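Worksheet: one structure, shown below.
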Amino acid sequence: GSSPTSGSSTGSLLLPLPLPLLVFPLSLEAACAYVLIVTAVYWVSEAVPLGAAALVPAFLYPFFGVLRSSEVAAEYFKNTTLLLVGVICVAAAVEKWNLHKRIALRMVMMAGAKPGMLLLCFMCCTTLLSMWLSTPPPTAMVMPIVEAVLQELVSAEDEQLVAGNSSAEEVNNSQPSLELIFEKPLVLIPGPRNQELNRKYKSQHDQMVCKCLSLSISYAATIGGLTTIIGTSTSLIFLEHFNNQYPAAEVVNFGTWFLFSFPISLLMLVVSWFWMHWLFLGCNFRETCSLSKKKKTKREEVSEKRIQEEYEKLGAISYPEMVTGFFFILMTVLWFTREPGFVPGWDSFFEKKGYRTDATVSVFLGFLLFLIPAKKPCFGKKSDGQNQEPSLGTEPIITWKDFQKTMPWEIVILVGGGYALASGSKSSGLSTWIGHQMLSLSGLPPWAVTLLACILVSIVTEFVSNPATITIFLPILCSLSETLHINPLYTLIPVTMCISFAVMLPVGNPPNAIVFSYGHCQIKDMVKAGLGVNVIGLVIVMVAINTWGVSLFHLDTFPAWAKVSNITDQA
């Protein structure tokens, strides 16, 4: 809903919808489809908060007898939730000790205050991070940094305006805002505060820069996630399902996936940067991206000077900052070396295989942050320690309060709702029914089947969480490609990639939800920018799978391993 009033009226209209269905008996598939539609309508209309809408399957499924209450409940807290908990512990520490501010200011000092270069700089950073982490953590880590940079740029302009021609009253107004911003860590901002936020832009240009930067972080995270098979949950689910379905096929691993998708990511990054720039900042690339020192406007000079001063204010790097930075790097390294794919990782040192996931690492490191004191342990040097940080006492690096402030429970429940919907549509037989409907495609050439599947998936994934979408479509597409005698990878790989392009709505994927919660962009901005990124991605993936994908995965033949699976299915 664009305004809270319109939202609540839609909500009251939707309330009576389930009543007739409780009276008339329904088939399981129909009941499940109905729950799916109601949840989707709530997500799209935003009549209730996204998290609350995600709870709809929790009571409707047991009502209709689709799933037991305990089965639905189990879907809401998965391994990914644990992963997020651990990551948020580190993110809370990063924010509490202002590490993100240090990194942000350092980056802006390197890129300069030109919006175009900043945009590219941030996009590259996020993409690099999300190659090795799943997509929500990098977004959650980079967004506070972007927010800090935007505040710096906007407030630097304030100062200049103030110095120029304004009364003392305005000086007082512009100052505290900045102090407030950095006193407390930047927490995810819930919806109703959008009205307040609208007042903080000084000009249309500022607002556009804010929208552009925050949205492009979400897209960069998505693009980075494509690059490695560990980058997104969708590619992991694909790998798991593919290996279960075709145990004889040893085609897809970390290495081959990387070779296939790295060029895609590079192309997408560059084209999306141009698209975002053109959409929000116009076509004057010369002006927003020039690196020469001469062409700086007065306003940019002030911004840069201001940022330099802010950076010097931070002083030398503190002990808690060093610990947090170390944990951040350690987490990334441990994630990457757990099962890199091309060499045995540290998981192979354990006797029992497959017990540890990325979540294990993040929760363990998160737990340690509650344990390690924020005060440097001083051996013998009593007097020095007392002068330094007397206020800290024995406080750990993060407390439970810090964690609670940063933990996005709405997103956790949102993702849980997606899993619940997926498991319902699987157990009620809705997904097999959809599969049978798709067999009518058998008259089309392979590339058209793949393209249609990609477009369909791109639409569905906007409303249903990515893991849910891929869980529904994988079995359908496997049977489809076996029926049509196409190499299953020819449809599966593009579809897996297109599912990640759920970039048009806040419910599409967690990075979007995180970015949206900062309140710079409305749904219409997301849809407009996301549609472009979606089309760019679709075109590049279709080109890739028909060029270097063919030689990499031998897609021009119907392989022996698919035949074997086909026979066993029909037997």
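Here the Cβ of each residue, glycine as well, is placed from N, Cα and C on the backbone.
Automated prediction, rather than curation, is the source of TrEMBL annotations.
The feature transmembrane segment is assigned by TrEMBL to 20-43 (among others).
Beyond the ends of the transmembrane segment (50-70), by six or more residues, the same chain brings 18, 21-22, 26, 28, 31-32, 34-35, 38-39, 42-43, 76, 409-411, 413-414, 416-418, 420-421, 423-424, 427-428, 506-507, 513 to within a C-beta distance below 8 angstroms of the stretch. Marked as transmembrane segment by TrEMBL: 50-70 (among others).
Here the transmembrane segment (76-94) has Cβ contacts under 8 Å with residues 58, 100, 133-134, 136-137, 140-141, 144, 185, 233, 320, 323-324, 327-328, 331, 357-359, 361-367, 369-370, 397-398, 402-403, 405-408, 411-413, 415-417, 419-420, 467 of the same chain, all six or more residues outside its ends. What TrEMBL records for 76-94 (among others) is transmembrane segment.
If you look up TrEMBL, you'll see 217-239 (among others) marked as transmembrane segment.
TrEMBL lists 251-276 (among others) with the feature transmembrane segment.
Away from its own ends, the transmembrane segment (316-336) comes close to residues 86-87, 90, 93-94, 96-99, 102, 129, 132-133, 141, 230, 346, 358, 361-362, 365, 368-369, 372, 374-376, 397 of its chain (Cβ-Cβ under 8 Å, at least six residues beyond either end). Marked as transmembrane segment by TrEMBL: 316-336 (among others).
The transmembrane segment annotation in TrEMBL covers 357-374 (among others).
The annotation transmembrane segment is assigned in TrEMBL to 447-477 (among others).
For the transmembrane segment (489-509), same-chain residues at least 6 beyond its ends with a Cβ under 8 Å from one of its own Cβ atoms are 43-44, 50, 135, 218-219, 222, 225-226, 232, 234-235, 238, 242, 251-252, 260-261, 264, 414, 446, 449-450, 453-454, 457-458, 461-463, 465-466, 469-470, 473-474, 477-478, 480-481, 516-517, 523, 526-527, 529-531, 533-534, 537-538, 541-542, 545, 549, 553, 555. For 489-509 (among others), the entry in TrEMBL reads transmembrane segment.
As annotated by TrEMBL, transmembrane segment applies to 529-553 (among others).
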Exercise. Hey, would you say the transmembrane segment (251-276) packs against the transmembrane segment (447-477), going by three or more CB pairs under 8 A that are 6+ residues apart?
Worked result: no
For this session: Rank 357-374, 447-477, 529-553 by Cβ pairs under 8 Å to the transmembrane segment (217-239) and hand me the top one.
Result: 447-477
